Amino acid sequence: MEIKHLLFLVAAACLLPMLSMKKKSARDQFNKLVTDLPNVQEEIVNIHNALRRRVVPPASNMLKMSWSEEAAQNARIFSKYCDMTESNPLERRLPNTFCGENMHMTSYPVSWSSVIGVWYSESTSFKHGEWTTTDDDITTDHYTQIVWATSYLIGCAIASCRQQGSPRYLYVCHYCHEGNDPETKNEPYKTGVPCEACPSNCEDKLCTNPCIYYDEYFDCDIQVHYLGCNHSTTILFCKATCLCDTEIK
């Protein structure tokens, strides 16, 4: 028994440093992924814009994305709950707009490129203009949010937490304006020659003239047709239709 006890102590003495090194390695990797870091923000934005440039079929109205610290702060607050349940839309609202949301959870910190790649891989189940199957095992919402033409701001966060005693890492990105409109989710962008919708505001196949406002009514074109843009309803809920002329909206 004494020999077995001694062997156990030796094994434990060897194992503990290994576990400590593994925890330190995970912590170091996590610290390199936090979105307070400018290089991480740049990586996230650049990957999204690269993916948006290469959609098939090509997009005529795809906006260039930029980092939003306000959206990122909302994502940081929500990510700390370590909950994969979609957040309340009011918790991811910005002035003049609402934001969409993508989430992913891992057991070990992986690169943002890998996470965004997982979301984008849903494109294999999506065909522009066609409605995706209702099969519960198939989702394309993460992909369509990434390539939603009018989403021009992005802010993301990563949180370290534990579930049932095991480490977990929650990745959250907020996209503004929000995408995945149920009525048009099969067409996240307009097809055509890149920048066809913004010939005077084009940068490497992406439009740079977003409408900063958001229509909160789905039928604002009808509302404005009958009420005009000076009516209290359209002033509050149809700002994009009333205030943006040539901008992408």
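Note that Cβ sites are derived from N, Cα and C of the backbone, with glycine treated the same way.
Listed in Swiss-Prot for this protein:
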- 1-21: signal peptide (SIGNAL)
- 45-175: domain 'SCP' (DOMAIN)
- Cys195-Cys202: disulfide bond (DISULFID)
- Cys198-Cys207: disulfide bond (DISULFID)
- Cys211-Cys244: disulfide bond (DISULFID)
- 211-244: domain 'ShKT' (DOMAIN)
- Cys220-Cys238: disulfide bond (DISULFID)
- Cys229-Cys242: disulfide bond (DISULFID)
- Asn230: N-linked glycosylation site (CARBOHYD)
Inset, instruction - Could you check which of these disulfide-bonded residues, Cys195, Cys202, Cys207, Cys238, Cys244, sit within 10 Å of Cys229 (disulfide bond), going Cα to Cα? - result: Cys238
Legend entry - Cα-to-Cα gap, Cys238 (disulfide bond) vs Cys207 (disulfide bond), nearest whole Å: 22
Legend entry - Spatial separation of Cys242 (disulfide bond) from Cys220 (disulfide bond) - C-alpha basis, Å: 9
Legend entry - Packing count at Cys207 (disulfide bond) (other Cβ atoms within 10 Å of its Cβ): 26
Legend entry - Spatial neighbour of Cys207 (disulfide bond) that is closest, considering only the recorded positions Cys195, Asn230, Cys244 and their CA atoms: Cys195
Legend entry - Alpha-carbon distance [the residue listed as 'N-linked glycosylation site'; Cys202 (disulfide bond)] in Å: 32
